[in-house]
Amino acid sequence: MDELAGGGGGGQGMAAPPRPQQGPGGNLSLPPGANGAPGGGGPPAAEAAGPPAGPELSRPQQYTIPGILHYIQHEWARFEMERAHWEVERAELQARIAFLQGERKGQENLKKDLVRRIKMLEYALKQERAKYHKLKYGTELNQGDLKMPTFESEETKDVEAPPAPQNSQLTWKQGRQLLRQYLQEVGYTDTILDVRSQRVRSLLGLSNSEPNGSVEAKNLEQILNGGESPKQKGQEIKRPPGDVLETFNFLENADDSDEEENDMIEGIPEGKDKLRIHKHKIGNEGLAADLTDDPDTEEALKEFDFLVTAEDGEGAGEARSSGDGTEWDKDDLSPTAEVWDVDQGLISKLKEQYKKERKGKKGVKRVNRTNLCDMITDLGDDELPHIPSGIINQSRSASTRMADHEGARAEEAEPITFPSGGGKSFIMGSDDVLLSVLGLGDLADLTVTNDADYSYDLPANKDAFRKTWNPKYTLRSHFDGVRALAFHPVEPVLVTASEDHTLKLWNLQKTVPAKKSASLDVEPIYTFRAHIGPVLSLAISSNGEQCFSGGIDATIQWWNMPSPNVDPYDTYESNVLAGTLVAHTDAVWGLAYSGIKNQLLSCSADGTIRLWNPQEKLPCVCTYNGDKEHGIPTSVDFIGCDPAHMVTSFNTGSAVIYDLETSQSLVMLSSQVDSGLQSSNHINRVVSHPTLPVTITAHEDRHIKFFDNKTGKMIHSMVAHLDAVTSLAVDPNGIYLMSGSHDCSIRLWNLDSKTCVQEITAHRKKLDESIYDVAFHPSKAYIASAGADALAKVFV
């Protein structure tokens, strides 16, 4: 027990046990659980507190096995609980890491896919340019070796990519010489390369605004590795547009004259050329050293490989050089500048060659700087940031540069296009410019469309504004063939006359969706009932307040038009039927109304044509062809350009123009056919042109013929349909003619060229008959057809 008691002393270091208390009678009472009681939570104390009160206090406290086991179990349970919490947190963090890694992988795949798309678009653009150049100039465009872009898989890239050597200056030199050779083949000179290199460096944020112009290796490494702090990135993005434009130093000497590039070249001293070359050396050397030290930097720069490999140059090869737009002192130059081994004589020779090329550019006018500023201002002051006027005056539109180069070198090589980011800063803002440059850059402005292609489409689009008619409404309530129809002069209202002895009024704005068709069904709002037999003809007054119908019962019914908003289930109104015109003795086949004198013309199978004034007590004013000298009339119409005359067609194949005042026939319109063929030359419909002295007739022999009202001679004849032409209508402007036929088709004709511009299959045949009537709306974009299938259709 002494060993146990002594060994238990080590337990005091783990937890402080409660002190024993002195109970009644001077004995110490242990806390619960000290002797194995159920409530014990820790080992008993080994020392007593207070003065000794009896012989038992001198003995040290003893531990019990149950108490120790209970303590161990308690601590083990607490440890397991903490471990479970830790496992849960660990699993959550692992899931978060996996999610972020998946997102990163997806973004990388998306980036690679976009780069591949860009390369394919570049390839397609070059092919289109070569094809256009060959079509325009008849010669092949020299673009070097035009090859399909190749894409290596990620596994191959990881395996085959060797680590960058420590001394890679030689590799940089060889690559630069090869790239310069490619650019010279495309037509790029060293001066343009210098300008574009400064441009790319500025857009990539590699410029430095320090006074001495030195680039520290640490700052360069931070820029390449994206190691700026979030605060620095925020400040960079929030720069005003003016600061962004000030970095485009190659625009400072821009001039309005046509010799801008020429003056710029002449104004560059030879010393500055050398200085610019030395700047490229320093930037490239520092960049190469950083690439060998940091593999992440090399991987980041590979994202811009598509800029380097573009065959048209685009100046992206200069993206490897870093520096700012300010001139550096010669004392600051690195002695490693000889790495590039630049031939000064070659540069001078190329500059002279470039000057000569710019001589032929004088005829090209550029956008005036003032006009450019006005155009930028017109884009909206509320949407654009404030830009100092000096910066605007120093800037040049990239599109004008592209136009100048295209005008000067169109016959020689591909047009040289400068980066378009300079103009973007006015419209997009500095942060958008930064994002666009670091994203797709100049490739975002690529297009396969040539400006000259728009002119090719002009002849093809000559009739682009011509309306194409499509079926919209189907009128289904008649029980037999619809013989005639007419539109209200102003409202979207239609009246139809049918062989079921009725006329129906339709409001096209009150529609019901059809069950199995894209068109809309319209229910009639009123039904006119007075005829004893089929209704054959129809006419509406010019004000739309009266309607006239002629039927097989030899009567002409005169109707007052109900309101377009009438309730279909209202009680019968007797005042709708205004009267009946009785004079004919056989079926009335044609009606025509003139709003000038409010007169009505009718032609009947009894051989007569009658002129009516419905308002008079004796409505029949005059009768024509009483002796049937010309045959049986089939159709009648007022002359559009001379309402004092009318034209009537006959079943003999001729048409006659009458003077309404004298009742005499003035002109006989005949196509001079033999009498034996007149039976097949039956005229079904005659209409007069609304503005020209021309009469148009529809014949049973599938022809449509045009006659001169003054001479009576036929001026044109054409086979218009596959079956008999039954109906004609001329639009209110006199531009188009619509014809209907028993071949189930409606055809729209251009009256100027006499050509069919649209054909619509509208109705089905019934007893070898199909379309009875067609009509234009006088003031709205509606046309309609009436058919033997008991349907009327409206097209819009």
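Placement of Cβ uses the backbone N, Cα and C atoms for every residue, glycine included.
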Of 77-136, 437-496, 497-556, 557-616, the range Swiss-Prot labels coiled coil: 77-136
From 71-79, 638-646, 719-727, the residue range that Swiss-Prot assigns the feature region 'Caveolin-binding': 71-79
In Swiss-Prot, the member of Ser202, Ser635, Ser745 to which phosphoserine is assigned: Ser202
Positions whose Cβ lies under 8 angstroms from the repeat 'WD 3' (583-622), at least six residues beyond its ends: 536-543, 546, 548-556, 558, 628, 631-638, 643, 646, 648, 658, 660, 663
